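S.K.: Below you'll find the structure I mean.
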There are 2 protein chains.
Amino acid sequence: MDKKKNISMAVIKRLPKYHRYLQELLRNDVDRISSKELGEKIGFTASQIRQDLNCFGDFGQQGYGYNVKDLYNQISIILGLNKEYKGVILGAGNIGQAIANYSRFVQVGLDIVAIFDANPKLVGMRIRDIEIQDIDNLRSYLKENSVDIGIICVPRINAQKVSDLLVENGVTGIWNFAPVDLVVPEDVTVENVHLSESLLTLIYLLNDKEESKEESK
Amino acid sequence: MDKKKNISMAVIKRLPKYHRYLQELLRNDVDRISSKELGEKIGFTASQIRQDLNCFGDFGQQGYGYNVKDLYNQISIILGLNKEYKGVILGAGNIGQAIANYSRFVQVGLDIVAIFDANPKLVGMRIRDIEIQDIDNLRSYLKENSVDIGIICVPRINAQKVSDLLVENGVTGIWNFAPVDLVVPEDVTVENVHLSESLLTLIYLLNDKEESKEESK
């Protein structure tokens with residue numbers, strides 16, 4: 001694949017969306033689609049779609065459009081979904097348990113291999129056949145097992161400490177659900193899910209629309 | 001407050017982050033902070049911070065900086081956190097239960113008043129003193145109770161249907177965890193949390209860094 005360098009974060013963030021829409025088209029037995037039709041579905045312009053996909057290679061054919069299955073497979077490979085990723089969950093509270101139980105992630109190659117928590121009441125319990133281990137075992141676990149992704153679901157005050165431990169032991173991918181911005185070395189990738197910030201954005205926009213409505217009365 | 005119109009989405013998306021950092025400063029008993037110091041903490045430039053906050057009013061004072069408590073309170077009001085929001089959870093699966101149990105949201109004024117699910121095994125169960133109701137009761141519940149935010153945690157194929165029902169019955173805020181882009185009228189606000197897309201972004205970036213490392217060898 002002729003993948004170009006320096007692809008903007010904006011394009012990268014749109015790739016999973018393409019992946020999702022193409023999956024939907026496949027489910028509905030759609031064989032091919034034009035950039036215009038795909039754009040209408042996703043809410044992008046046809047030219048944006050062509051530009052985005054051109055960053056990654058030469059897809060589509062003038063007058064024919066895209067072969068849905070091919071494009072889906074190519075984007076899956078670009079996203080790295082043709083491999084498997086070993087993930088450990090740190091913190092077996094609400095979010096940690098939800099992630100552990102969410103079967104959808106298995107489809108994209110995330111294999112949860114261990115779950116850790118500091119709460120003795122949770123240690124020993126099982127989620128989907130995985131026994132929750134004492135977080136004190138994390139260091140030795142990481143020394144003995146190769147882990148790609150650490151999923152941080154511990155409380156805010158412990159998140160950086162847990163992140164440091166992961167990084168020291170060679171974990172280079174962190175999916176962070178704790179409401180902090182982690183400090184990590186450059187070769188480590190952090191993707192944040194800040195639920196509270198998402199909720200705050202919703203509340204802001206909700207009020208903003210209400211105010212506009214009041215004013216236009 | 002002298003709130004300006006047409007504030008960009010980028011600025012709005014940064015507000016919750018300001019809120020979170022100011023809260024942290026308050027916890028650490030910091031009274032005042034310069035835009036430079038605040039910028040260093042958050043990772044923005046001092047001028048960006050001044051620009052952002054100027055969208056909402058006249059904060060800070062030359063040579064003094066920002067009074068942390070005042071700024072925190074002002075941003076809380078701008079975000080609309082001085083009010084309470086009634087929320088209902090649709091879908092009491094993994095994510096729905098996690099949201100229902102997450103006490104942090106109460107702090108920002110989200111009061112979960114009802115939970116609905118279609119699964120007879122879940123109906124009647126309680127999460128934090130709230131009984132899970134049959135989703136068939138949703139329409140009549142919405143007719144009798146005022147709800148600000150619908151939190152959609154149902155499977156993908158049911159999400160649009162549930163969203164339509166919420167919108168038809170006057171709910172104008174939707175926090176959507178289902179992996180679909182909902183179609184709603186203009187006066188309805190949707191904030192998405194697409195966990196799979198977040199994971200896919202992480203996996204892409206992880207591979208991208210690996211490849212760069214390989215190449216530089």
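For all residues, glycine too, the Cβ spot is worked out from N, Cα and C.
Copied straight from TrEMBL:
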DNA_BIND  B:17-56  DNA-binding region
DOMAIN    B:80-181  domain 'CoA-binding'
BINDING   B:Gly91, B:Ala92, B:Gly93, B:Asn94, B:Ile95, B:Gly96  NAD(+) binding site
S.K.: With Cβ-Cβ distances below 8 Å as the criterion, list the same-chain residues six or more beyond the ends of the DNA-binding region (B:17-56) that contact it, or say none.
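M.R.: For the DNA-binding region (B:17-56), the nonlocal Cβ contacts are 1-4, 7, 11, 64-69, 71-72, 74-76, 78-79, 81.
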S.K.: The DNA-binding region (B:17-56): mean pLDDT?
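M.R.: Computed over the DNA-binding region (B:17-56), the mean pLDDT is 91 on the 0 to 100 scale.
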S.K.: Whose Cβ, among the binding-site residues B:Gly91, B:Gly93, B:Gly96, has more other Cβ atoms within 10 Å than any of the rest?
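M.R.: Checking each of B:Gly91, B:Gly93, B:Gly96, the winner is B:Gly91.
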S.K.: Work out the three-state DSSP category of B:Gly96 (NAD(+) binding site).
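M.R.: DSSP assigns B:Gly96 (NAD(+) binding site) to helix.
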S.K.: Using Cβ atoms only, which residues of the same chain lie under 8 Å from B:Ile95 (NAD(+) binding site) while being at least 6 residues apart in sequence?
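M.R.: For B:Ile95 (NAD(+) binding site), the qualifying residues are B:Cys153, B:Phe177, B:Leu195.
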S.K.: May I ask you to pick out the binding-site residues among B:Gly91, B:Ala92, B:Asn94, B:Gly96 with a CB closer than 8 angstroms to chain A's CB atoms, ordered by sequence, or 'none' if no residue qualifies?
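M.R.: From B:Gly91, B:Ala92, B:Asn94, B:Gly96, the ones near chain A are B:Asn94.
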S.K.: By a simple count of other Cβ atoms within 10 Å, which of B:Ala92, B:Asn94, the binding-site residues in the record, is least packed?
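M.R.: Fewest other Cβ atoms within 10 Å, among the binding-site residues B:Ala92, B:Asn94, is found for B:Asn94.
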